There are 2 protein chains.
Amino acid sequence: MREYTVAILGATGAVGSRLIEQLEQSTIPVKKVKLLASKRSAGKQLNFKGQAITIEEATPEVFESVDLVLASAGGAVSKRLLPEAVKRGAVCVDNTSAFRMEPEVPLVVPEVNEQALFEHRGIVANPNCSTIQMMVALEPIRQKFGLEQIIVSTYQAASGAGQTALDEMLSEAKDYLNGEKMEGKIFPVKGDKKHYPLAFNLLPQIDVFEDDGYSHEEWKMIHETKKIMQGDMNDPKLKVTATCVRVPVVIGHGESVYFKTTDTTLTVEKLKETLQTAPGVVLQDDPAHQEYPQPLTAEGKRETFVGRIRADKENPGSFNMWIVSDNLLKGAAWNTVQIAERLVENDLVHVPTEPYLG
Amino acid sequence: MREYTVAILGATGAVGSRLIEQLEQSTIPVKKVKLLASKRSAGKQLNFKGQAITIEEATPEVFESVDLVLASAGGAVSKRLLPEAVKRGAVCVDNTSAFRMEPEVPLVVPEVNEQALFEHRGIVANPNCSTIQMMVALEPIRQKFGLEQIIVSTYQAASGAGQTALDEMLSEAKDYLNGEKMEGKIFPVKGDKKHYPLAFNLLPQIDVFEDDGYSHEEWKMIHETKKIMQGDMNDPKLKVTATCVRVPVVIGHGESVYFKTTDTTLTVEKLKETLQTAPGVVLQDDPAHQEYPQPLTAEGKRETFVGRIRADKENPGSFNMWIVSDNLLKGAAWNTVQIAERLVENDLVHVPTEPYLG
């Protein structure tokens with residue numbers, strides 16, 4: 001049996017720590033783990049399966065003899081280093097937005113489009129956290145009943161912006177409760193011109209804005225959905241629009257999704273039946289017993305929780321639905337490791353003769 | 001000039017304190033103020049324009065010689081006492097859901113359907129907080145460009161459930177930050193079977209559920225919108241659906257609204273022009289300078305803040321929009337006092353010969 005040398009790029013971040021944990025629990029036969037980070041963290045140690053591993057600085061050379069790279073150190077780092085890793089024979093699963101829209105790079109949610117992995121040319125992209133959980137919930141519906149339109153409003157947790165951002169939100173909350181003034185320095189977007197407190201507030205900005213008023217996060221959801229479900233980020237057959245809002249939650253993105261199927265006779269019961277057996281989905285829809293998805297109960301779980309399914313009685317075939325998943329697991333680390341597991345299972349951990357080098 | 005004796009029913013609550021404050025700042029010539037509450041609070045004192053006023057127990061007799069009642073002490077209290085007040089010649093503005101759906105009771109947002117006040121038979125209903133702000137933002141659009149469909153997802157602040165509920169959310173947040181376990185006892189709904197923490201969480205339940213899976217809050221938004229905009233809670237011309245979610249915010253409801261107009265040539269620019277001069281609206285839509293509505297900046301203001309207007313490019317005539325308003329002011333106390341002001345201005349503070357008595 002082949003064993004793999006796996007490198008985790010960005011091992012010290014909020015997603016990085018979960019990548020380590022998810023890899024520990026995965027089915028991948030791991031020969032060796034390399035933990036990579038910036039120069040600043042090099043030399044420190046982190047545990048993998050109880051063994052202390054010294055963090056190495058991420059340089060092109062460090063990928064020699066690596067089979068698989070799990071990357072989550074930001075788009076700029078991926079753009080610079082993943083082609084170097086591919087050149088050296090490593091297959092990369094990238095959790096940043098660096099290559100998601102490249103036609104040569106499969107964008108994969110294993111429950112939805114695992115087959116796209118067979119086309120990889122060295123890099124596979126992990127979709128955006130808010131896209132992934134929506135895909136897991138909607139794909140079984142699309143397959144059975146057809147999908148014409150998706151209108152989504154997100155309620156995205158602070159941890160989606162990273163550990164420092166999350167810490168800031170919690171420290172703002174402390175200030176507020178102590179009667180002190182809150183002062184945002186990171187949210188809504190690190191590096192943007194203005195900053196606002198997130199604690200006890202709502203920020204309708206995730207990532208920077210395009211000229212048309214949509215945020216990058218909103219366009220990511222639109223284009224990624226089209227690419228994952230239809231293979232083309234611009235395919236107009238399935239219409240998608242999104243509003244992305246940051247909320248003062250620690251872990252777990254919520255999504256209020258309105259969707260129009262092509263089956264005007266479709267009932268809530270048939271939808272529930274379908275979701276009950278859908279891969280990666282936990283149907284949590286029992287209003288009579290107040291059972292519905294919540295961030296606090298989804299935290300730490302790999303599944304996507306779906307509930308509050310309701311028919312739009314004035315528009316047969318259209319429905320409302322509420323989705324929650326752990327944005328650091330299915331939205332990031334678990335989906336990345338799950339892709340790696342599928343690459344291993346399908347013997348796809350080989351860089352092809354014509355690799356994609358960015 | 002006629003002067004008015006005004007009674008505030010439910011003077012000690014979160015909305016009650018704002019009713020006092022909004023009445024102090026109103027144009028209504030106030031002769032006398034009566035502060036009414038339950039037996040438990042009777043005898044305590046509260047200030048009105050710097051003068052201490054002793055709270056009286058709310059009984060039928062206390063409404064003798066009252067001209068105007070502003071009620072916010074819960075639906076059961078309104079059902080029991082407002083007909084008694086009307087019998088004694090008082091015109092009532094009710095901030096509870098007790099009479100909203102009665103055909104004999106006008107449901108009024110002054111910016112939208114002030115003319116309905118002329119039909120009152122003793123009781124005028126104040127709409128639900130989440131409905132009001134949406135009406136203020138959408139009515140100018142409906143008037144100019146026609147409206148076919150509204151799909152709304154709400155982000156509702158803890159204070160919408162009252163002062164004790166808000167206090168619980170803040171105390172849960174304290175527990176969480178101190179590393180203690182959070183335990184919900186009020187949210188999502190006081191008196192319902194199960195309770196969950198709201199701090200750092202999302203609860204997709206506001207009010208109890210109907211058999212069809214919608215919550216009362218969701219049906220309120222649907223029916224109230226139809227009644228306010230069309231005069232009939234069941235009129236199918238304008239299609240409305242809603243998902244209502246409680247979020248860990250102190251004051252200020254957010255709403256992500258998708259709407260379909262009848263004008264397929266409509267542009268974001270024309271919408272902005274229209275909202276710029278719309279009554280009660282502050283257009284706050286400048287993504288390039290990160291200007292958009294937020295609960296923290298809307299708190300304490302009477303206006304409804306509207307921003308993030310974006311065209312759904314795949315559906316000409318349809319748009320996304322983000323709305324925030326202070327749920328205790330425009331969503332409750334200010335809209336109530338504003339209705340009272342319009343009753344006074346239009347000399348409508350008279351109970352007609354055939355009053356509505358519930």
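Backbone N, Cα and C atoms are what each Cβ position is placed from, and that goes for glycine too.
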Per TrEMBL, what member of B:N315, B:N320, B:N327 joins B:T12, B:G13, B:A14, B:V15, B:R40, B:S41, B:S159, B:G160 in binding NADP(+) at one site?
B:N327
Given the recorded positions B:A14, B:C129, which one has the fewest other C-beta atoms within 10 angstroms of its C-beta?
B:A14
Maximum Cα-Cα separation in Å among residues B:T12, B:G13, B:A14, B:V15, B:R40, B:S41, B:S159, B:G160, B:N327, which the record lists as binding NADP(+):
26
Composition by DSSP (helix, strand, coil) of residues within the domain 'Semialdehyde dehydrogenase NAD-binding' (B:5-120):
41 helix, 32 strand, 43 coil
For B:C129 (active site, acyl-thioester intermediate), which of the binding-site residues B:A14, B:R100, B:S159, B:N327 has the nearest Cα in space?
B:N327
Quick check: of the binding-site residues listed here (B:T12, B:R40, B:S159, B:R246, B:N327), which one has the Cα closest to that of B:R100 (phosphate binding site)?
B:N327
Please give me the binding-site residues out of B:A14, B:R40, B:Q156, B:N327 that lie within 10 Å of B:H253 (active site, proton acceptor), comparing Cα atoms only.
B:Q156, B:N327
